[in-house]
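Written below as structure tokens is the structure these notes are about.
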Amino acid sequence: MKSAFTLSLALVAVTATISAAADDNCSFGCLDVYKPVCGSNGETYSNSCYLRLASCKSNNGITEAGDGECASTPASSATPSPVTSSTGSTSGTVGCPDMCLDVYDPVSDENGKEYSNQCYMEMAKCKGTGYDDNKRSGNPGISTLDAERKLAFAPGYQGPPCGDMLCPDNYAPVCGSDGETYPNECDLGITSCNHPEQNITMVGEGPCPSQEQQQQQQQQQQKL
């Protein structure tokens, strides 16, 4: 009887250790981009990154069953839909996106109503409203919000979170510490994400100076 009790304690300790390790390795973040995928557990996830996050926390027990929302959510599930934001907030309507990227790429539904992009149209249909917080008239603009998004990566995580980052198609050049000019800060962030060993950071707004310009700047500094 004593041996059985000791064995039970050992199993509990091993389980707790595995759980703690999983939590440590599953601390990466995901972008709030609504590109739903269906998990093998019948749950809909905002995007493939959120599915990988849930799978990581369940010891890789969830796989991607297909693109788009699941046909139905299991009635026995007592937990809310895992369609959440990176801050942990959950959508008020199961399976509906909480937010969309502030990118102007207008689309119209079957009734001719125009939305700023596909995500806002899907949000309105899902919630049964005409909601389109990003609706614009006149000259379209692009928020810098998505350019400022960052992902936290867990040590040893083997997934490709950099591939889930999306950038606006706007030209707001910045100069990187590697001497390269990037279309915008978000594009620089993706390159930095894909090449962490280079530790690329933004050194200034606008294109990087050419070699000739650098030489002229050095000459002017020497004269001073």
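Yeah, the Cβs are placed from backbone N, Cα and C, and that goes for glycine too.
Sequence annotations record features per position, and here Swiss-Prot assigns signal peptide to 1-22 based on sequence analysis.
On the 0 to 100 pLDDT scale, the domain 'Kazal-like 1' (23-72) averages 79 in the predicted structure. Taken from Swiss-Prot, the feature domain 'Kazal-like 1' applies to 23-72, supported by sequence analysis.
The feature N-linked glycosylation site is assigned by Swiss-Prot to N25 (among others), with sequence analysis given as support.
According to DSSP, C56 (disulfide bond) is assigned to a helical segment. If you look up Swiss-Prot, you'll see C26-C56 (among others) marked as disulfide bond.
Mapped onto three states, the DSSP output places C49 (disulfide bond) in helix. If you look up Swiss-Prot, you'll see C30-C49 (among others) marked as disulfide bond.
The Cβ of C70 (disulfide bond) has 20 other Cβ atoms within 10 Å, all protein chains considered. The disulfide bond annotation in Swiss-Prot covers C38-C70 (among others).
Annotation comment: Swiss-Prot describes 69-92 (among others) as region 'Disordered'.
According to Swiss-Prot, the compositional bias 'Low complexity' annotation covers 71-92 (among others).
What Swiss-Prot lists as domain 'Kazal-like 2' is 90-127, and the listing cites sequence analysis.
Around the Cβ of C126 (disulfide bond), 19 further Cβ atoms fall within 10 Å across all displayed protein chains. C126 (disulfide bond) falls within a helix when secondary structure is assigned with DSSP. Residues or ranges marked as disulfide bond by Swiss-Prot: C96-C126 (among others).
The Cβ neighbour count for C119 (disulfide bond), using a 10 Å radius and every protein chain shown, is 21. Summarising the annotation, Swiss-Prot assigns disulfide bond to C100-C119 (among others).
According to Swiss-Prot, the feature domain 'Kazal-like 3' maps to 156-210.
As annotated by Swiss-Prot, disulfide bond applies to C162-C193 (among others).
Residues annotated as disulfide bond in Swiss-Prot, with sequence analysis given as evidence: C167-C186 (among others). The DSSP secondary structure for C186 (disulfide bond) is helix.
DSSP assigns C208 (disulfide bond) to coil in the three-state reduction, outside any helix or strand. Sequence-distant neighbours of C208 (disulfide bond): residues of the same chain at least 6 apart with a C-beta under 8 Å from its C-beta are C175, G176, G179, E180, T181. Swiss-Prot lists C175-C208 (among others) with the feature disulfide bond.
DSSP assigns N199 (N-linked glycosylation site) to coil, not to a helix or a strand. What Swiss-Prot records for N199 (among others) is N-linked glycosylation site, and it gives sequence analysis as the kind of evidence.
Cα separation, C119 (disulfide bond) to C126 (disulfide bond), rounded: 10 Å. Residue pair N199 (N-linked glycosylation site) / C126 (disulfide bond) shows a Cα separation of 41 Å. Taking all protein chains in view, 24 other C-beta atoms sit within 10 angstroms of the C-beta of C49 (disulfide bond).
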